[in-house]
Amino acid sequence: MSNDAPGAATREPVTDFEQAQASEPFQRLKRRHRSFVFPLGIAFLVWYFAYVLLADYAHEFMSTPVIGNVNIGLILGLGQFVTTFAITTWYVSYSNRRLDPLADEIRGDLAAGAHSDGGVR
Amino acid sequence: MTFAAATAESTNVGDPLLNIAIFGGFVAITLVVVLRASRNNKTAADYYAAGRSFTGPQNGTAIAGDYLSAASFLGICGAIAVNGYDGFLYSIGFLVAWLVALLFVAELMRNTGKFTMADVLSFRLKQRPVRLAAATTTLAVCFFYLLAQMAGAGGLVSLLLGIDDRIGQSVVVAVVGALMIIYVLIGGMKGTTWVQIIKAALLIAGAFIMTVWVLAIYGFNLSSLLGAAADKGGEAVLSPGLQYGLTGLSRLDFVSLALALVLGTAGLPHVLMRFYTVPTAREARRSVVWAIWLIGVFYLFTLVLGYGAGALIGKDTILAAPGGVNSAAPLLAFELGGPLLLGLISAVAFATILAVVAGLTITAATSFAHDVYASVVKKGKAGPGTEVRVARITVVVIGLLAIAGGIGVQGQNVAFLVALAFAVAASANLPTILYSLYWKRFSTRGALWSMYGGLGSAVLLIAFSPVVSGAETSMVQGVDFHWFPLTNPGIVSIPLGFLLGWLGTVTSRTLENPRIAAEMEVRSLTGYGAEEATKH
């Protein structure tokens, strides 16, 4: 037999994470995160594999000179560096503007006892 | 005859004593730093995660130090010098892979885990089986990678110190292993991190100096550098195809490798563990950003260095030198700056091996002590003191195994091990990481099938591939039991890992606890309840 008479035990507040998960701000955060990282992730993987397949199977095309000894292959390869740096910068600025403030707000609410049963004292 | 010639050549290039002295200086400086850093190693969070007290830029530099192995530096420079464009292809996969870590993995892992990859993967699934599976794949990846690094150390010795005999090489492998044990045993994650930071700074600075030097020779004109490389090595070095374009099979093999490179990085346990050394998810993000810039800039340097070595030294001289392809960067250093620059670059190469094996060892030891010992064997009832003690013992055991393995594989062609480590990380770890962070329904069965299936298929395919038997460069000679035609298993094992994770989940009849799934999702995105930095 467990002793669960009111006032007999004390415990920490329990957060209802299912409620927190269903809340509008959290759903907004999740949407903002996924709607950014999923399309961008697919895009850079497609671009990377397009490049790999070109380098692997289209040697003639990649060898076409553009400026001096610099050919299309080298420009596309350096392009992979440029897009990697650009996506990194873009993601950081998106997170700073759109994700972090909202995540901070939700975390603050949770810490202040939102979606919690207040515990038993 | 050829042996004597090789010995004569290796002792002619540079001064082994100078190389050893510069490396000794590196060891002395890092030991002091490790000793100073280890004074606050009290709790498990200190030992495993450096008290989560590093900043993003520090951790990003350490990640670069962890990631840029000797294979990256010597291997890619050499590959570009000898095979031209195809060497460059390799480095692009290594870099782009970081976007997977940045966008999908780093911050969410930091928010939900404590010390290991298994913390995150077992968060909302059945603790013990999932933890055991994740620890198994962690140890497998670390073991393959570690063996490759130790074998590389033996090869470097003959190249840089002029030691060609088996006993001499074994002694150096043992010294490198013993130093690594000392660093990790005393310094824990904090010491390991500082070794990696110092090494990354030296490596990138050294590569930068050489890059500027090479560019200055060609009037800071990339086109003239490429032209000189093409004059010496033939027009083909400027186009893809020299290494991977020979047959239809080798082209397919490259697709397989590219898949493992780009998807493997975000599943490497020693990379994932570094995200726990910073106080918040935001710092984890900054770490990856720093790592991407440093690694990207470094690979741009290797492009110049590789073509520079091709132009100034030439393919034939490089291939005839003791270390073969790996000797391109050291020979270029000697050509540019004489024995002193060669000594510096040699010391950096050794420091690279030391820092990478230290990172792998602390990862494997943490996973064994925290996941296998404390959670599976002791069912979470081990005292925090005993757990760290087990971790330290594991460090010594792994160090000794690495030394034995490094001596054992000497002279064997084990270059495939790094690619295998990436393939296992991409087939066994990444599917489960992504599913458990982004797929609500994902189940214990899916995780187990994916991890064991991905690991098993990658290892099995390699065992029956031409790298082990049936080709001129195979590890085992004289017998031929290969039936898998490619040398990289990724094109089969990675889709299989994802497929098994899905199949295991949709066939599960028991549903996982939705409350814990909700908790994991809320915590992963908001950082609520995440492990905080320890204060001393």
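Cβ atoms are placed via backbone N, Cα and C, with glycine included.
The feature transmembrane segment is assigned by TrEMBL to B:20-38, B:59-82, B:88-109, B:130-147, B:167-188, B:200-220, B:254-276, B:288-309, B:340-369, B:390-409, B:415-437, B:449-468 (among others).
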Any contact, the transmembrane segment (B:288-309) to the transmembrane segment (B:59-82), with at least 3 Cβ pairs under 8 A: yes
Remote residues contacting the transmembrane segment (B:20-38) - C-beta distance under 8 A, at least 6 residues beyond either end: 161, 179, 182-183, 186-188, 190-191, 193-195, 198, 202, 343-344, 346-347, 350-351
Considering the transmembrane segment (B:449-468), which listed stretch of B:130-147, B:200-220, B:254-276, B:340-369, B:390-409 counts the most C-beta pairs under 8 Å: B:130-147
Touch test for the transmembrane segment (B:390-409) and the transmembrane segment (B:340-369), at least 3 Cβ pairs under 8 Å: yes
Intrachain neighbours beyond the transmembrane segment (B:340-369), with Cβ under 8 angstroms and 6 or more residues off its ends: 13-15, 18-19, 21-23, 25-26, 30, 48, 65-66, 68-70, 73-74, 115-118, 134-135, 138-139, 142-143, 145-146, 149-150, 152-153, 156, 160-161, 176-177, 179-181, 183-184, 188-189, 192, 195-196, 198-200, 202-203, 206, 209-210, 269-270, 273-274, 329-330, 333-334, 387-388, 390-392, 394-395, 398-399, 402
Annotated stretches the transmembrane segment (B:88-109) and the transmembrane segment (B:254-276) touching (3 or more Cβ pairs under 8 Å): yes
Dominant neighbour of the transmembrane segment (B:130-147) in B:59-82, B:167-188, B:254-276, B:415-437, by Cβ pairs under 8 Å: B:415-437
Recorded stretch that, among B:59-82, B:167-188, B:254-276, has the most CB pairs under 8 Å to the transmembrane segment (B:415-437): B:254-276
